[in-house]
Amino acid sequence: MADLKIYRDEAEIKKIYDKSKFVFGIDEVGVGEFFTPLIATAVYVPKDKLEILKNLGVKDSKLLSDEKIKKVFNDIKSHIQYASALISQKSYNILFTKFNANEIKFLAHAEAINNLRKKVKKSELLIIDAYVNSDPSFNKYYEKIIVSYKDLYGFSPWKEKIAILKKAESHYIEVAAASIVARYELLLQMQKMQEEFPKAKFNLASNKETLMLRDNFIKLYGKEKLPLVAKVVFKFKEDAKK
């Protein structure tokens, strides 16, 4: 079993961060929404660019409108290095036969980190928004994804220090920037999907309205097309009542 050095204490993470020049912030979008792909993004911000990003309005993407996301992304893209991993709805449905939701999220994070390493040759610290409460679980995901699938995905061992922090996007510009890039790329994907299926409507949620939109999509394009636009493995309480 893997035994990664994981840091969760806020003060300890801050000390490590202050001593690290090469920090990757990692965040994702599309986790809980029915009609979205899952997109994870890793971002490196040179230390001398941090204040610039703050002045350009970098903050948790959930606090920004879609139009603001587009503006901030275009303002910051020349100041950062970033890489993303996209797991389409179709791929998510297939992966769900082998992995649980947290493992799929870990896979997306790992791909994004791997892709950024190709651009930024050195990394000392990974800051990840907390989605796993126990270190043994995180180590288990690492063992299952990084070790077992290293040849398939070309993963390298993680030698960086790993910080897992709740609301990391509120504490570190790198993670906030990652959330913005991921959200921007999600908006592009949703636009492409709308163009491909112009008669349908989609929302960024998993609620009663989503069910109505799902049923309408099936009427318009057929049930066989649904896995192309939706995580059909998601379960709705309303379906169970039928």
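The backbone N, Cα and C atoms fix where each Cβ goes, glycine too.
Under the heading divalent metal cation binding site, TrEMBL lists Asp27, Glu28, Asp129. In the three-state DSSP scheme, Asp129 (divalent metal cation binding site) falls into the strand class. Within the same chain, residues at least six positions away from Asp129 (divalent metal cation binding site) with a Cβ under 8 Å of its Cβ are Ile26, Asp27, Glu28, Ile164, Leu165, Lys166, Lys167, Ala168, Glu169, Val175.
Mean pLDDT for the domain 'RNase H type-2' (21-242) in this predicted model: 94. If you look up TrEMBL, you'll see 21-242 marked as domain 'RNase H type-2'.
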